[in-house]
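Here is what TrEMBL records for this protein:
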type: DOMAIN; residues: 106-256; note: domain 'Sodium/calcium exchanger membrane region'
type: DOMAIN; residues: 432-582; note: domain 'Sodium/calcium exchanger membrane region'
type: REGION; residues: 272-298; note: region 'Disordered'
type: SIGNAL; residues: 1-25; note: signal peptide
type: TRANSMEM; residues: 97-120; note: transmembrane segment
type: TRANSMEM; residues: 141-158; note: transmembrane segment
type: TRANSMEM; residues: 178-205; note: transmembrane segment
type: TRANSMEM; residues: 217-235; note: transmembrane segment
type: TRANSMEM; residues: 241-261; note: transmembrane segment
type: TRANSMEM; residues: 332-355; note: transmembrane segment
type: TRANSMEM; residues: 396-417; note: transmembrane segment
type: TRANSMEM; residues: 429-447; note: transmembrane segment
type: TRANSMEM; residues: 496-515; note: transmembrane segment
type: TRANSMEM; residues: 535-553; note: transmembrane segment
type: TRANSMEM; residues: 565-584; note: transmembrane segment
Amino acid sequence: MRPAGALSLAGALSLAGVLVGDSRAQPAGTLLSLDLGRTVPPGGDALSHGRGLDCREVRKRNSSEWCRFVRSNPDCRLDGGFLDYIEGVFCVFPPRLLPLAVTLYALWLLYLFIILGVTAEKFFCPNLSAISTNLKLSHNVAVFSLMFPLHGVTFLAFGNGAPDVFSAVVAFSDPRTAGLAIGAIFGAGVFVTTVVAGGIALVKPFTAASRPFLRDVIFYMVAVFLTFMILYFGRITLGEALGYLGLYVFYVFTVVLCTWIHRRQRGEGLAPPAPWEPEMPTDAEEQESSGTNSGDYGEEYQPLLPSRETSLRILTTALSPLDYRKWRRKPWYWRLFKVFKVPVELVLLLTVPVVDPDKDDLNWKRPLNCLHVLTSPLLCILTLKSGAYGLYQIQGIFPVWGLVILVGSFLAIIIFITTSNEEPPKYHCVFAFLGFLASAMWINAAATELVNILRTLGIIFQLSNTVLGLTLLAWGNSIGDTFSDLTMARQGYPRMAFSACFGGIIFNILVGVGLGCLLQMTSSQLVVKLEPDSLLVWILAGALGLSLVFSFVSVPAQCFQLGKAYGICLILYYLAFLCVALLTEFRVIHLSAI
């Protein structure tokens, strides 16, 4: 029986099986089955022999049999990741300490969300911005107004949606966790378009930007309808997966085209914002907001003295995740949260370079950047496939990680000798690509652990992957957007925050589903079969579609004047949806057998 893991290598294994005459190899055209309801373990033949039971069955057995059950059952094996959470909770902890294990897992789950948020906000997004700057996407003054929205709906959307997309790709990589992907993508969509959008209306009543709102809602409804049809027919083909990505490209083109048409209508010069155009802060407001941005690493890591510093002083200053002046004036809860983030930030500073085009020195820290030449490739090789490639022995003698250390050390010494502390080298932009790759590997590793621990919690509490996706995973991935959008609304920019609610999640669903399924296809496996055998999947899809239709009808009906009544309705709608979803999960609501 072929193991459930290594889905992306299925085609290669099939071809190898044909060449060597292995009858177990998977024939061409086989459907890759992704179960979106309760887990159905791979390997149907094992079921007929009493093996390969659903791992959730472990809770129905005597506690003395838990460890033996999970170690002998293939469905209890986690593909990828550095920690075996299932074996840990059922073998390492005695049964009477199961509540302690669950508590520790819950705390680790919260910390994984912190890792995802810090990595995306402080390292992934800045390097994406630097890459877009080096690619001249926004520095051409003649086309700045046209390329700025392109920058926002591509690079910024990728940066903000990185945790969601990486989580979806990781979840789609295993048939047993595919329900997490659908639950998280749809669940986050319902949460953002109801709770976050409603919260913005409650915090600051405003007039919505009409044309961008209608454009984004229409595109999102089309994406949800396509996903609904794919779930209805039970599979997604190569053309349909590419169609998801193509639809997002068309959305980007539409945004740019609408912006160009609007600029032409306004003519050259700065006309007052149209009723549907999001407000932009004035120069004074931009300066004030940039000066009070507590999340800006540039402010935290500025040297205290402007005099020439030694390499050791530059290294220690750049690696310090605390600004003591800011620490003294911040409230206690900010300090408490900062204490939890310091270990993550320190490790990220050691392994991920950040290029800042807004600084005169482009954030060039010579000793630290030379260290990054060694640590970033080492990080990538040790996190790829959970370290399998990094631990590989070349000719059975020398490990790959040792070769990376030798090459990285050689390059770091050359860069250190040929550069200075005061001026960045001409090739400093390469560090933005290196930082982008390293931060992406961090996000991928954290997302893998996140999916594995959610699956473990589902086994412990007998919950489906779908309900875990629409609750814990969706909430965790959306919490950053929630705080940022509500903060933006309080600062007087509710239209920007409201536009972000509907514009950002388009990227998540189109790229998350399209790319997640596309990466599971090979030359011999061009169809991914989706199996929504749970009523909850249809309730989730229907709830998202209904919430979009409600906003699509009610917002224009109010002449785009959104107040507290609209916000209360959206939040009540989400609470009702959550109650129905949980009642369905616990089979209080179910379909009667015919």
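A Cβ is built for glycine as well, from the same backbone N, Cα and C atoms used for every other residue.
TrEMBL labels come from automatic prediction, so no person has curated them.
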Same-chain residues at least 6 beyond the ends of the transmembrane segment (178-205) with a Cβ under 8 Å from one of its Cβ atoms are 34-37, 164, 167-169, 171-172, 220, 224, 227, 231, 451, 454-455, 464-471, 473-475, 477-478, 481-482, 485-486, 489-490, 492, 494, 497-498, 501-502, 504-505, 508-509, 512-513, 516, 530, 532, 534, 537, 540-541, 543-544, 547-548, 551, 561-564, 566-571, 573-574, 577
Looking at 217-235, 332-355, 535-553, which one has the highest count of Cβ pairs under 8 angstroms to the transmembrane segment (241-261)?
217-235
Between the stretches 97-120, 217-235, 332-355, 396-417, 429-447, which wins on the count of C-beta pairs under 8 angstroms to the transmembrane segment (496-515)?
217-235
Sequence-remote contacts (6 or more beyond its ends) of the transmembrane segment (97-120), Cβ cut-off under 8 Å?
85, 88-89, 159-160, 162-163, 340-341, 344-345, 348, 352, 439, 442-443, 446-447, 449-450, 453-454, 456-457, 460, 472, 476-477, 479-480
As a test: from 217-235, 396-417, 429-447, pick the stretch that has the greatest number of Cβ pairs under 8 Å with the transmembrane segment (332-355).
429-447
So which residues does the transmembrane segment (429-447) touch in its own chain, when a touch means Cβ under 8 Å and the partner is 6 or more beyond its ends?
82, 112, 115-116, 119-120, 123-124, 126-128, 130-131, 134, 162-163, 166-167, 169-170, 348, 351-355, 369, 372-373, 376-377, 379-380, 383-384, 386
